[in-house]
Amino acid sequence: MMLKGITRLISRIHKLDPGRFLHMGTQARQSIAAHLDNQVPVESPRAISRTNENDPAKHGDQHEGQHYNISPQDLETVFPHGLPPRFVMQVKTFSEACLMVRKPALELLHYLKNTSFAYPAIRYLLYGEKGTGKTLSLCHVIHFCAKQDWLILHIPDAHLWVKNCRDLLQSSYNKQRFDQPLEASTWLKNFKTTNERFLNQIKVQEKYVWNKRESTEKGSPLGEVVEQGITRVRNATDAVGIVLKELKRQSSLGMFHLLVAVDGINALWGRTTLKREDKSPIAPEELALVHNLRKMMKNDWHGGAIVSALSQTGSLFKPRKAYLPQELLGKEGFDALDPFIPILVSNYNPKEFESCIQYYLENNWLQHEKAPTEEGKKELLFLSNANPSLLERHCAYL
């Protein structure tokens, strides 16, 4: 057996449970296995795994299952945050950032290309089982919008705003809410990196007073508000609220198209791990950051789109196998987002599975002598059930 020597190690990391796989059961696994038996090697491995078309706007069905390259410059400006940690490790290991073109992202790109900005923003929701690639599909969409010169409002993990926060301060604006200055300041730095070209063009439409000595006058660049939040960390939460309010208000003027992209959207409803000094729990709506982000999720503005993804990884107080919108959002969250267009992200299909294996082989990530064989591929299929995250983790040990 190809993986005999590492079975014990793998089992420590993830005990395989056939009951875990809801969408991709025995039938689907057998389908991919049959594909591996019957495939005819008419294309080179590189043609299977890669495309030379690196512009997301030009991606179509013909590119499905192939990897495209994100330039180092785009990686630095579009994704100062938001890429999954293990994908970042892979980028460093392979010295390149390659995303697979998948059907959920292609569906979203089709919708966004045909957006009518005169109508209220449409909400799209990526959902699926754990490890199927929701975050990377969201990143594909973000890359597309950035290359189309949209302004990107990206929240890479909303769960970080509702748990394990180091500093909570009573809001100076509303005593019933709490500020999270460190989280807000970090987000503003990344927002500035991605959208710096817009920050001098957009002017604030009212005066904002920070303290007795400092204020931002009406007509000042939005960049001044961002800088205030970065340099005066105590004001960072208020600065985020102002940025969101100004963008929502001005998106209809036609100066820019706005993408609101939120990963882990289910964090905005439900429970938090945060407590007051008297140990009583803090509700999400009591956090100023969450309060303001919830406003952005309403489709009472136009000039852009709202794309979000559900996440089990950081979700609190939810069953491990929950993945459906009504399960992770709860009634309050579901009602708040309704209506939305749901987009399912599933495990790899046969073409995607083969492409992923070939990509790892090209980068010498699979060193075992049986890795390129049909027997080896079937073992990897059995171990991972074609789940992208599990496949990546198992391949890391070969």
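Cβ from N, Cα, C; glycine included.
These numbers come from a predicted model, not from an experiment.
Look at Swiss-Prot and you will find 1-21 tagged as transit peptide, backed by sequence analysis.
Look at Swiss-Prot and you will find 39-67 tagged as region 'Disordered'.
Mapped onto DSSP classes, the compositional bias 'Basic and acidic residues' (52-66) shows 6 helix, 0 strand, 9 coil. Annotated compositional bias 'Basic and acidic residues' per Swiss-Prot: 52-66, in sequence order.
The GTP binding site annotation in Swiss-Prot covers M100, G128, E129, K130, G131, T132, G133, K134, T135 and rests on a curator's inference. In the three-state DSSP reading, T135 (GTP binding site) counts as helix.
According to DSSP, K175 (N6-acetyllysine) sits in a coil region rather than a helix or strand. What Swiss-Prot lists as N6-acetyllysine is K175 (among others), and the listing cites a large-scale study or a structure entry.
Per Swiss-Prot, the feature N6-acetyllysine maps to K207 (among others). On its own chain, K207 (N6-acetyllysine) has S215, T216, E217, K218 as residues at least 6 apart in sequence with a Cβ closer than 8 Å to its own Cβ.
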Check your understanding: Which of M100, E129, G131, G133 (the binding-site residues) has the most other Cβ atoms within 10 Å?
Key -> G133
Check your understanding: When the Cα-Cα distance from K175 (N6-acetyllysine) is computed for each of the binding-site residues M100, E129, G133, T135, which gives the smallest value?
Key -> T135
Study note, to complete from the structure: Note: among recorded positions T135, K175, least Cβ-dense neighbourhood at 10 Å is K175
